[in-house]
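Visitor: In case it's useful when we look at the structure, here is the feature table from TrEMBL:
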- 767-859: domain 'DYW' (DOMAIN)
- 1-29: region 'Disordered' (REGION)
- 108-138: repeat 'PPR' (REPEAT)
- 140-174: repeat 'PPR' (REPEAT)
- 243-277: repeat 'PPR' (REPEAT)
- 349-384: repeat 'PPR' (REPEAT)
- 420-450: repeat 'PPR' (REPEAT)
- 451-485: repeat 'PPR' (REPEAT)
- 521-551: repeat 'PPR' (REPEAT)
- 552-586: repeat 'PPR' (REPEAT)
- 587-617: repeat 'PPR' (REPEAT)
């Protein structure tokens with residue numbers, strides 16, 4: 001049997017006796033001065049100050065005694081150290097340590113343990129270990145526990161686990177504090193397997209059945225180390241004595257692992273069980289409301305009422321959660337409630353400022369107000385932290401304002417955040433969104449320490465800038481360095497593949513994530529649906545959708561959007577109604593997807609019904625995008641007068657998006673008068689709107705008004721407005737091949753044009769007649785016919801015919817709207833070759849098969 005360790009406090013040490021100092025016979029000092037000074041009143045005063053919580057006065061008394069070469073006993077030093085640790089005044093604690101060293105007293109294990117705890121909490125693990133190693137045979141169970149806890153607190157998991165094993169080798173049986181500390185060290189994916197082994201040891205000792213702290217540590221280990229809520233719940237259910245801390249922890253972890261409904265259920269059980277929620281519980285459950293997909297605002301308001309009744313209205317932590325909740329749960333995009341909570345808070349800290357600034361950014365389109373709030377913040381007494389700087393840099397990125405962002409980054413450097421990962425990653429993202437990828441790459445390379453988040457940021461930046469090659473190169477670099485990728489990495493890569501239609505790369509990523517065990521991850525499944533849909537393989541997207549067990553609003557919206565873009569309006573509406581039956585509340589994006597589906601199929605009455613149901617059934621106020629969808633629906637259907645009437649009756653001023661949509665419809669239906677009116681309205685708002693100039697120019701060109709075309713083109717040149725060049729591309733053998741109009745740069749150019757000539761003869765024999773109205777230049781008819789057959793999408797299709805074989809579809813992508821002649825020609829090509837051709841333009845997908853298109857010539 002192991003001898004029991006005696007942890008009782010030792011008796012106060014006696015001060016060594018000193019002979020009274022000898023006085024010189026010549027001394028004129030009065031005899032009374034030479035008598036021994038009685039320090040007992042000072043000792044009593046020091047203890048009295050400690051009992052009253054006056055730590056500084058106690059230390060001052062200690063200084064007085066030290067100046068007379070008198071020192072306290074070990075018990076008093078122990079009390080002083082513990083008071084410094086409790087108040088987190090580590091500098092005073094270090095001063096006490098200095099006095100203790102000067103006293104020459106022999107320290108006992110209690111004092112050694114207090115010193116380890118002091119330096120551990122101060123973040124000085126080196127000094128803590130030095131003290132621990134100097135203890136020799138005075139180490140007891142508390143010493144080992146303190147050292148394990150020190151390493152765990154300082155994110156030194158390996159050292160903590162190693163110290164735990166050394167402790168066992170030295171014959172000590174761990175108690176609940178040791179187990180809590182070492183389990184905390186195992187709360188990472190790297191050391192989680194060791195945590196499972198320690199759990200087996202723990203079960204044998206019986207601590208799991210009665211200690212709440214051990215239970216809480218295990219919950220954290222399962223959640224943080226393995227994202228395993230099921231096992232966390234098993235631990236929680238096994239805990240016989242759950243306190244408010246345990247309930248709050250479980251509620252918080254449910255929210256963090258995207259299980260807000262579970263957090264709400266726990267909160268209800270907690271209240272019904274007679275437990276009184278504290279400020280941390282209320283803050284956590286309000287945060288859970290922001291993650292709910294339905295009734296989130298209603299529940300959040302009820303909790304807000306509870307907060308007021310419970311007397312927590314002035315609590316800063318709860319106030320931050322309320323600001324965040326109202327910002328994220330807003331129905332009509334308004335931040336009035338969020339701002340009202342913020343303005344009524346008596347005291348602001350960095351969290352409340354960051355919450356409201358982030359709220360404006362997440363709301364969309366209010367980045368300038370976020371920047372103004374940040375400027376107001378830095379003028380006040382609360383300094384921004386790394387999260388605040390990260391948010392404001394994101395706002396600058398959304399505005400493509402890298403110059404202002406660089407000024408804010410300079411401020412971040414002054415505040416000591418030059419090497420902070422959050423700030424560095426936001427800087428990368430800001431440069432990328434501003435189109436400065438070279439600077440984004442430099443910012444990435446200059447990071448003090450690259451972690452997975454850093455790689456994810458730059459991978460995402462390359463993906464969003466349509467540079468999937470750069471994104472995939474970095475992915476391979478991550479793998480080479482042995483960094484374990486996460487869900488965000490795969491999501492970014494899938495986004496990169498979908499942005500350029502690289503289905504081959506997308507399928508490779510799909511295979512890789514299956515091997516990595518991410519096949520059931522909701523975010524990744526949503527990204528897979530989007531990738532397959534945007535790459536033209538809508539049935540593969542639908543298969544992923546059907547195999548998903550847990551679908552959220554993003555899942556349903558992604559599938560609806562996919563069907564809408566592919567022209568399958570009936571299936572899009574069917575999924576929408578299934579979504580409503582499943583109890584999932586649609587959001588603003590869902591309604592954009594459904595209205596787009598109606599627009600692509602000309603379902604005017606269905607579109608009107610859905611548009612009216614937004615506010616009536618779900619209290620969603622239409623945004624500008626929804627109005628633009630309705631204008632598109634009416635315009636595509638040729639109802640231009642109804643569309644202009646709808647615009648004139650809008651409750652808000654139509655923006656350029658609405659007028660641009662209407663101008664596009666005027667171009668399709670050759671309505672010069674309304675087209676000129678819409679162009680005028682756009683240019684009043686933005687004289688430099690390139691799209692308005694081009695659409696109006698095309699409208700004039702289709703009517704043969706070449707003088708007006710020349711006038712607009714001259715105006716564009718004077719304003720330095722550049723039309724985006726048409727470009728088509730196709731993926732063959734995991735490589736992207738790009739083509740422009742009349743392109744001759746490809747290595748296989750001769751084969752491509754030979755195939756084009758062959759196709760031209762075949763389809764003309766089937767009845768194809770070139771439509772030269774789509775040549776928007778003043779040329780001879782023969783030149784126009786030659787020019788129209790050299791459009792980039794036809795070249796890409798020809799390349800696909802010579803490099804791919806049946807039954808694989810030819811998938812071509814174009815950055816602009818496909819022209820009418822190319823649409824007709826590709827229908828004939830599909831008939832002549834028997835090949836299925838899928839074309840994605842800037843608006844939608846066209847599935848060509850046996851001489852017909854899925855759009856039924858309505859696009």
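The count begins at 1 with the first shown residue.
Here the Cβ of each residue, glycine as well, is placed from N, Cα and C on the backbone.
Heads up, TrEMBL stuff is auto-annotated, nobody curated it.
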Visitor: Over the repeat 'PPR' (451-485), what is the model's mean pLDDT?
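Guide: Result for the repeat 'PPR' (451-485): average pLDDT 69.
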Visitor: Could you break down the residues of the repeat 'PPR' (552-586) into DSSP helix, strand and coil, giving a count for each?
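Guide: Output for the repeat 'PPR' (552-586) reads 26 helix, 0 strand, 9 coil.
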Visitor: With Cβ-Cβ distances below 8 Å as the criterion, list the same-chain residues six or more beyond the ends of the repeat 'PPR' (420-450) that contact it, or say none.
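Guide: Same-chain contacts beyond the flanks: 386-387, 389-391, 393-394, 396-398, 400-402, 405, 409, 412, 457-458, 460-462, 464-465, 467, 470.
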Visitor: For the repeat 'PPR' (140-174), give the DSSP counts of helix residues, strand residues and coil residues.
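Guide: Split by secondary structure, the repeat 'PPR' (140-174) comes out as 26 helix, 0 strand, 9 coil.
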Visitor: Other than its close neighbours in sequence, what residues sit by the repeat 'PPR' (108-138), given a CB gap under 8 Å and a spacing of at least six beyond its ends?
Guide: 7, 9-10, 74, 77-78, 81-82, 84-85, 88, 90, 93-94, 97, 100, 146-147, 149-151, 153-154, 156
Visitor: In the domain 'DYW' (767-859), how many residues does DSSP call helix, how many strand, and how many coil?
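Guide: Counting residues by DSSP class gives 37 helix, 16 strand, 40 coil.
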Visitor: The repeat 'PPR' (521-551): which same-chain residues, six or more beyond its ends, come within Cβ distance under 8 Å?
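Guide: Sequence-distant neighbours of the repeat 'PPR' (521-551): 258, 487-488, 490-491, 494-495, 497-499, 501-503, 506, 510, 513, 558-559, 561-563, 565-566, 568, 582, 584, 809, 811, 838, 840, 845.
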Visitor: Please count the residues of the repeat 'PPR' (243-277) that DSSP assigns to helix (H, G, I), strand (E, B) and coil.
Guide: 26 helix, 0 strand, 9 coil
